[in-house]
Amino acid sequence: MNSPDDKTEVTGDAAPEPASAAHTGVTVPIDLLVDEHEEEVSENGRSVRRQGIYLLPNLFTTGALFAGFYAVIAAMRGDFASAPIAILAALVLDGLDGRIARMTNTQSKFGAEYDSLADMVSFGVAPALVMFSFALGDLGKFGWSASFIYVACAALRLARFNTQIGKADKNYFTGLASPSAATIVVSAVWVCSDLGWTGAELPGHVAFMLALLTAVSGFLMIANFPYYSFKSIDFHGRVPFFAMILVVLGFGLVTLDPPLILFIAFLGYAASGPVILLWKRSRNHSGNRSANEG
């Protein structure tokens, strides 16, 4: 006599076991809940739709984004020596991603939008939070207002830049670029930190001047001052030997006092916008006067 364990009795009411994917030969896709990116690109004069994104330039953009995020974390921990360096690292990576995209012909709308969002974090939010944590927190409403002005102006600057892609003069930016404004702000923090002006050691009048510097840097981003973009420099072509000597001297000068030299250099660049505008207006005025006299 067979025991109940020897066989399984199937009643007529029992439902059959569903067939597995292995039995049916059907592959079950894994849903990662991530939309596949697709955008329209131009190839040989025709518009085609391609899936996926270019990895190489977006790696540099992600690196810049990470550096900006790290600067915020460093400032929250009171590490005001590392925070400015992180922003400067983001500056270098941001300058490389666009050039690499153009050199490798991997430009895309996705890359442009991703770069803009990363810039907002690394050169908009991060510098303002670093400065606020360093000096502006004790200034009350005046301090956070100066920080917000900078963040808002950075957002407006990036939005305006995005609408002018392909239309504006490539040789000049309209308004101070957000990476340059960010460098002014964080290099000022770096200078003060290098001098030992941190926490209670920071003089009140210096904190007030840093707040003004932050707000003015923000306003320069949305001003209609022309700033040389350096995009017309041909890195593939030959240059005079003297140019290489200037590059070596520049690196040597920076190594003497990196925070101070960078602060002075970018302050000079910020001042070049109003100077260029006045020079152009003066030249146009002289040309119009000569035409009227002729």
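A Cβ is built for glycine as well, from the same backbone N, Cα and C atoms used for every other residue.
Note that TrEMBL annotation is computational and uncurated.
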In TrEMBL, which of 75-94, 235-254 is tagged transmembrane segment?
-> 235-254
Might you confirm whether the transmembrane segment (171-190) is in contact with the transmembrane segment (202-223), defined here as three or more C-beta pairs under 8 A between residues 6 or more apart in sequence?
-> yes
State the non-local partners of the transmembrane segment (53-74) in its own chain: residues 6+ outside its ends, Cβ under 8 Å from one of its Cβ atoms.
-> 37, 80, 82-84, 86-87, 89-91, 93-94, 96-98, 100-101, 104, 106-108, 110-111, 114-115, 117-119, 121-123, 125-127, 129-130, 186
State the residues, same chain only, that lie 6 or more residues beyond the ends of the transmembrane segment (235-254) and have a CB under 8 A from a CB inside it; answer 'none' if no residue qualifies.
-> 261-262
